[in-house]
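Peer 1: Once you've had a glance at the structure underneath, I'll fire off some questions.
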Amino acid sequence: MNPQAKLIFALSLTLGTTPTISSNHWIMAWTGLEINTLAILPLISKSHHPRAIEAATKYFLVQAAASALVLFSSMTNAWHTGQWDITQLSHPTSCLILTVALAMKLGLVPFHFWFPEVLQGSSLIVGLLLSTLMKFPPITLLYLTSPSLKPSILMTMAILSAALGGWMGLNQTQTRKILAFSSISHLGWMAIIIAYSPKLALLNFYLYTLMTAAVFLSLNSIKALKLSTLMTTWTKTPSLNAILLLTLLSLAGLPPLTGFLPKWLIIQELTKQEVALAATIIALLSLLGLFFYLRLAYCATITLPPHTTNHMKQWYNTKPTNTMVAVLTTMSLMLLPISPIILAVV
C-alpha cells in the first residue's frame, strides 16, 4: 500500500472518530462510526491473504449491523420523544437496542465472537488500532448514554465478558488471539462500572489503551505472532523482553504497576455502591487473565524452547528500540505513585 493511501486512511480514522466523540446529534455520531469502519477495512485487508480478506468481511458485516441498530435506536427514540440529542435517550426499547449495538461494536459478550477472528487476520499494528482507537467512539457513546442504560444488563454482560475473556484465552498459542481475549476481559471491567461512575470507566479505557499499545508495539518490534516465536526472541532483544514481562504483569493488574490503579478504583467504587458481590466475582475472574499473561511472560523471558533445532535462531538486534515503545512501557509501569494527580485531572 502506497504512503498516500495510508495517509488518507489514517486521516479518515481521525476524522471519523472526531464527529462521534464531539457531536450531540445521533446522525453525526452515526456518520462518524461509518467513516471509521470504511477507513479501517482497507488496512485490515491490505495483505490480500485469505485470512485478512475473511477478517475484513467479518468486521464489515458486524459493524454494519451494529451501525444499523444505532440508527434504528436513535430513530425509535426520536419517534417517541422528538429528541435527536444523544444524552436525551429515554425510551426503554431504544435503550435496549443501543446497549446491544454498542456491545456488538465493542465486542462484549455475547457479541464477542467476531473480535478474536478479526484480530487474528490482521497485522499487529492494525490489531492495535482495532483494540484501542476503534473502541473509542463506542465507549464515548456508552459514556454519554450511561444514565439511560440498565445497570443490570451492563453488569451481566460485564461479568460474562470477564469470565469468557479469561477462560477462552487460557488455551491460545497466538499472541493476537490472547490480546483479543484480554481486550474482551478489560471491556468487562469498563462495562461494570460505567453505570455507576462513567469517568472511572473512561480512565480505565485510557490506561488500558496505554498498556495494550505498549504490548502490541513490543510484540511488533520482535515480530512475535506465536508463543513458540516468543520463546526465541530473548536472543534478539533481551532488554525489551524483560520490559515486556513487566508490561504484561501491569496489564494483568498487579501492584505496584499502572494496571492495578483502575482495578483498585473500580472495586472500591462497586463496594461503595453496595454491589460487593459483583466486585468479588469480577476480581476473582481477573485471575484467569493473570494466568495467560503469566504464560506469555514466562514464554518471553523465563523459558527456553524445548527443541532449539526446530526454531530459527535470531541474531542480537543492535538497532535501538523505538522511542514510542520506551515511553509507553515506562508509563505502563510507573503511573501508580502519581494516581492522586491522575484522579484530580480526570
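Cβ coordinates come from backbone N, Cα and C, glycine included.
Feature annotation from TrEMBL assigns domain 'NADH:quinone oxidoreductase/Mrp antiporter transmembrane' to 23-288. The domain 'NADH dehydrogenase subunit 2 C-terminal' annotation in TrEMBL covers 290-343. Annotation comment: TrEMBL describes 1-23 as signal peptide. Summarising the annotation, TrEMBL assigns transmembrane segment to 56-76, 96-115, 124-146, 152-171, 178-197, 203-222, 243-265, 277-304, 325-345.
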Peer 1: Need a quick answer: max count of Cβ pairs under 8 Å to the transmembrane segment (277-304), which of 56-76, 178-197, 203-222 is it?
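Peer 2: By the under-8 Å Cβ criterion, the transmembrane segment (277-304) pairs most with 178-197.
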Peer 1: So if I exclude everything within five residues of the ends of the transmembrane segment (56-76), which remaining residues of that chain have a CB under 8 angstroms from its CBs? That is, six or more out.
Peer 2: 26-27, 29-30, 33-34, 37, 40-41, 44-45, 84, 89, 91, 93-95, 97-98, 100-102, 104-105, 111, 114, 117-118, 121, 130, 141
Peer 1: If we skip the immediate neighbours and take only residues 6+ beyond the ends of the transmembrane segment (152-171), which ones have a Cβ under 8 Å from one of its Cβ atoms?
Peer 2: 96, 99, 103, 108-110, 112, 116, 177-178, 181-192, 194-195, 275, 278, 281-282, 285-289, 291-292
Peer 1: Over the domain 'NADH dehydrogenase subunit 2 C-terminal' (290-343), what is the model's mean pLDDT?
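Peer 2: Per the prediction, mean pLDDT sits at 75 for the domain 'NADH dehydrogenase subunit 2 C-terminal' (290-343).
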